[in-house]
Amino acid sequence: MVGAWVIVGLLVSVAYPFLRDGTPVAAVFYNSFTVATLGAIVAGVRRNRPVQRVGWYVFAGAVGLRLCGDVTYEIYRQVLHLSPFPSLADAFYLGAFPLLVAGTLLVARGRLGRDWAGILDAAIISGGLSLVWWVFVIAPMAADASSPLLQRVIGAAYPALDLLLIALVAQLVIRSGRLTVSLGLLTVGMVALLVSDVLFQFMPTFAPEFEGVVAVGWLISNTMWGAAALDRSSRAPAPQPELQARGTTATLGRTRLALLAACTLLVPAVLFVQGLMIGPGKLNWLAIGVGAVVLFLLVLARTAGFVAQVQRQAGQLEELALCDALTGLPNRRVFEERLAGSVAAGNAQVAILDLDGFKDVNDRLGHAVGDRLLAVVAKRLAGALREDDLVARMGGDEFAVLLGAGSPGAMTGIVERLAAALRKPVEAGGHELLIGASIGSADGAGTRDAGEVLRRADIAMYAAKAAGGGRHRGYSDDLDARAGEQAKLGAEIRAALDLGQFRVVYQPIVSLPDGRIVSVEALVRWEHPERGLISPAEFIPVAEQNGLIVELGAWILRTACSQAVVWRNEFGEAGPQRMSVNVSARQLAEPGFTALVAEVLAWTGLAAHQLIVEVTETAVFGGGLAVQAVKDLHELGVKIALDDFGTGHSSLGLLQTVPVDILKVDKSFVDTITMAGRHAVIATALIQVSSGLGLMAVAEGVETAEQAAELYRLGYRLAQGYHFGRPVAEPDFLGTRVAVG
Ligand code: C2E
Ligand code: CA
Ligand code: CA
């Protein structure tokens, strides 16, 4: 429809000059098309129901007034054979200008919003052009003493009003962001109108025989305006300046700069040309002077705006560089700068806070939830601090706090507040997450180095984490020594693996009361060439921290399972029926752990139900990958034992979410069992829980016959401890048994 209208309109425009201007046929042809244009605009508004409907009707009013002017003009010329100037026709024509401007402004309202750079650019361009127009067209016309005043005023009014249109078109074209198709057509129509208006000023003087050609521009402008209303894009409001903020006016593009420079240079150009044409004595000095001042001020304003904008952007850049994007907290750079100040002033107090189990949340629930969690934590930490404290995100799930000056010794209180702030569960991605944190703190005692203070807080934080997480440690010198030792030990474990310095020993688990060995627990030993036997309690935590437990654990699993098969073949019924292997959280969280177990079982030929995997409550309490691994193992047929039961979280809920077959009741409950008083209460409760849930209970660390007898009396049927046998390379499966009397 729009296409058809444009084609018809262009054909009409091209055909018009072939009709003889001033004949009735030409007049009817010309004015019919204006009527059709009016129809097109009204039809377009009806069809597209644009937001700026009023604007379009005002615009149609302008076209209507021009039509009235044309018709009046033709009546004077063809019917009355008069050509008065000024006449009623001029009133219509001139009246159409304000409506054109108002209509355009309304239709393009969004586009002409508060984009000051664009407004100034357009003003500079139209200012330069206006000067030329004024000096060469309007001023001579107004000054032509040969015609009466009214004629002069009306005659000059046309080019003057055209100036208004130039300013408007400059606004439409120069403003940032793309024009909609409809606004583009409107602008093209306006340009066509302007071109014809300008030609009309000169035609009678220079080429009167081509007067018909001038009308082509007006016909084209009608075509474009009709098309602008008909096009569907008229429906949408003009793009808002906010959306165009990153458009072209914000920056001073090369083309724009050249355009602005050219328009400013029009002042000396006019001076020069006029000087050449009419001689230096008759220069229109007033117009040129005013034009120069106005343009100068406009350019000045534009430059000021540009400078302000550059400054604003520089500010934003700086903010970006200093601010962590995810949490909005200051970043490491800011923190280190402030810390350097505090260290120099001798009042640095720093805490480093690292979330426990954050990696697990990320792995299990995805990064979006992890990010959300970090954002909430950041907010809570910031909320828990005082006005002059600083909290920053150092990267990952690590935050740092710098206490404000003038609060010496406030660290414990602050740490307590930070921990309290994290105790409430965090809502993230539809999950209720309970997140703990390990906190390490240090002050600047005895150092002038900010990096050293951070390092100390870091070491204290790692010590807090190694101690099980969810706690606070202050820095002390012995932490340093231990950290050094741990680093050394970590490197040695690597070497020990390659050199084959690890052994596995086996401790019997016996049935009560007969003392028969039903299974064994594999326990690792390190035969260090210089230091002798090193306890797993010493090196397993280190191997867990540096990840070597994964490789070491796989080796232990393989060794223990093949040993079980050896004994099964050697002793049959008389040998241990099951092999218990300790597995740490880090191993469980390793993707493919279940696959590894399945592979080892297949490789050794041990049946899945003959393997027991011992996990601690803490390892599976956080849920996540560890729990999934335990479930997969159970699915495989492997038995699951909950180690050190009663010392960790001891949540009975855990027994519902994690498939458990065996509870290993911790030694601490066994130790006190024979004492008088209420000491047996927990051991009693635990055996009741396990029998109630259909689980087997193993009493750990049984050292005396009395303990064994009391445990049996309470209902325990499985036990382990030095009383029955120490962990050794080859337990005596056939020897005499210690039975409970
Ligand atoms: P656990 O799993 O609770 O192992 C039982 C620990 O108690 C063993 O210490 C064992 O020698 C000791 N024990 C057994 N009966 C008695 C007793 O009657 N009295 C006393 N005082 N102690 C007794 P061990 O072998 O030093 O192991 C310590 C911990 O190291 C283990 O605690 C386990 O958590 C870890 N661990 C040992 N071997 C491995 C392993 O192969 N892999 C993993 N991931 N952890 C291991
Ligand atoms: Ca164990
Ligand atoms: Ca244990």
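Glycine is no exception: its Cβ is also placed from the backbone N, Cα and C atoms.
TrEMBL annotations: computationally assigned, not manually curated.
Annotated features in TrEMBL:
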- 346-477: domain 'GGDEF' (DOMAIN)
- 486-741: domain 'EAL' (DOMAIN)
- 27-45: transmembrane segment (TRANSMEM)
- 57-76: transmembrane segment (TRANSMEM)
- 88-107: transmembrane segment (TRANSMEM)
- 119-143: transmembrane segment (TRANSMEM)
- 155-174: transmembrane segment (TRANSMEM)
- 181-200: transmembrane segment (TRANSMEM)
- 257-277: transmembrane segment (TRANSMEM)
- 283-301: transmembrane segment (TRANSMEM)
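In terms of DSSP secondary structure, the domain 'GGDEF' (346-477) contains 57 helix, 34 strand, 41 coil. By the Cβ criterion (distance under 8 Å, sequence gap of 6 or more), the transmembrane segment (181-200) is counted as touching the transmembrane segment (88-107), at least 3 such pairs being found. Contact between the transmembrane segment (257-277) and the transmembrane segment (88-107) is not supported, since fewer than 3 Cβ pairs fall under 8 Å when only residues 6 or more apart in sequence are counted. Between the transmembrane segment (119-143) and the transmembrane segment (88-107) there are fewer than 3 Cβ pairs closer than 8 Å, counting only residues 6 or more apart in sequence, so the two stretches are not in contact.
In the predicted structure, the domain 'GGDEF' (346-477) carries a mean pLDDT of 88.
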